[in-house]
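Have a look at the structure that comes next, please.
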Amino acid sequence: MHLLDSLREALADLDARGLTRRRRTAGTPCGAHMSVDGREIVGFASNDYLGLAAHPKLTAALAEGAKRYGAGSGGSHLLGGHSHAHAQLEDDLAAFCGGFVDAPRALSFSTGYMANLATLTTLAGRDTTLFSDALNHASLIDGARLSRADVQIYPHGDTAALAAMLEASDSSAKLIVTDGVFSMDGDIAPLGRLLALAERHGAWLVVDDAHGFGVLGPQGRGVLAEHALRSPHLVYVCTLGKAAGVAGAAIVAHETVIEWLVQRARPYIFTTAAPPAVAHAVSASLELIASDEGDTRRAHLATLIERTRAMLRRTRWQPVDSQTAIQPLVIGDNEATLALAARFDAEGLWVPAIRPPTVPAGTSRLRISLSAAHSLDDLARLEAALCRIDEGGQA
Ligand SMILES: *Cc1c(COP(=O)(O)O)cnc(C)c1O
């Protein structure tokens, strides 16, 4: 049949370019040591930066939430699905990471992907010029497209180029959007300079902190708290399936922004609310993140980051400019990246290959993702493998 044939051809074409993706199936909870496709491995692939995904307090909170609220929410937030657990989580989030604005309020979502679609489609429209960093996450790119705004891409982190683009724009509505921590590079956006530009040009500054929330800033309050930024121009998106270890996301902003989103954001209005038990578990996660245990986990993660960078300095790959848990080895070629990932795999280490369209063509890489769940022994295994593979040459 012709329809299937054309898909088969397209799949073969992907394969010929080293772009086929394959899912691996975990048989154990997310953690440093996992059974994946039936093999015991040490995982450096997850975004579970604090090692909370399988924390007994969170699994207990999820179970307790299910007992109290049931399995499903039963409806959208505006049609019966909004529970006490969601309301509590939104209050907790506004208090935890809303310090960048007066009268903060939070709006919870099932996923970060949807929160980003909601933010951009609701704050930008046909009359808006939307300025987007060249390395922004796919969900921001898709939100920008769906908003129908005039999208201008500025070179990664280049605030001088952005300033010139803002100067040249006569648009009456402007929005700047950036990852807080860039998901495949680990570097942090120049947020102070971006905010100064946003204020000067009357623009919104939307910061997607998927990789900073829970990890950066005092008590893990995120990248805005880390830089002590404050402004009504700021709109903050945090995701709750990475460091927070559960699932979901939230937009945090001045209460007026959130009220506008409740009224108008289609990715908020036209979808079933996440199970209340999930919101209940995230509230428990926020307590852990802010606790002494959270501090201990962040301190351990910082040690792992520092040691990993030191070990990369002793190899031909060299660390990139990342102070976060994301430590890429940029290789370039797709096949060479896959071959290198296979070497780590043979050592019982899962260090995933990242290829286009997740990263720009010609910048394929291995992405080492560190977690407080890793022990120093796990890191020693990574180091031993790195050294053997480095000496082995190729790639
Ligand atoms: C993971 C990620 C998202 C999407 O969040 P989900 O909750 O997984 O849908 C958004 N932005 C960035 C930068 C991410 O890394």
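From the backbone N, Cα and C atoms, a Cβ is placed for every residue, glycine too.
No curator has checked TrEMBL annotations; they are predicted automatically.
So TrEMBL says this about it:
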BINDING   Arg21, His137, Thr358  substrate binding site
DOMAIN    40-382  domain 'Aminotransferase class I/classII large'
BINDING   Gly112, Tyr113, Ser183, His211, Thr239  pyridoxal 5'-phosphate binding site
MOD_RES   Lys242  N6-(pyridoxal phosphate)lysine
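How buried are these features, and what lies next to them?
The Cβ neighbour count for Thr358 (substrate binding site), using a 10 Å radius over every protein chain in view, is 16.
Regional average pLDDT for the domain 'Aminotransferase class I/classII large' (40-382) in the model is 97.
Sequence-distant neighbours of Gly112 (pyridoxal 5'-phosphate binding site) (same chain, 6+ residues apart, CB-CB distance under 8 A): Ser139, Asp208, Ala210, Val237, Thr239, Leu240, Gly241, Gly248, Ala249.
The secondary structure of Lys242 (N6-(pyridoxal phosphate)lysine), as reduced to three states from DSSP, is coil rather than helix or strand.
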For the recorded pyridoxal 5'-phosphate site formed by Gly112, Tyr113, Ser183, His211, Thr239, name the remaining residues of the chain with Cβ within 8 Å of the site's Cβ center, in chain order.
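Along the chain, the qualifying residues are Asn47, Asn116, His137, Ser139, Asp208, Ala210, Val237, Gly241, Lys242, Ala249.
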Suppose we screen the binding-site residues Arg21, His137, Ser183, Thr239, Thr358 by Cβ distance to ligand 1 with a cut-off under 6 Å; which survive, in sequence order?
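Those binding-site residues that pass the cut-off, since their Cβ is under 6 Å from ligand 1, are His137, Ser183, Thr239.
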Quick one: Cα separation, Thr358 (substrate binding site) versus Tyr113 (pyridoxal 5'-phosphate binding site), in Å?
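Given the Cα positions, Thr358 (substrate binding site) is 14 Å from Tyr113 (pyridoxal 5'-phosphate binding site).
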Return the single residue from the binding-site residues list (Arg21, His137) that has the minimum number of other CB atoms within 10 Å.
Arg21
Give me the Cα-Cα distance between His211 (pyridoxal 5'-phosphate binding site) and His137 (substrate binding site), rounded to a whole Å.
11
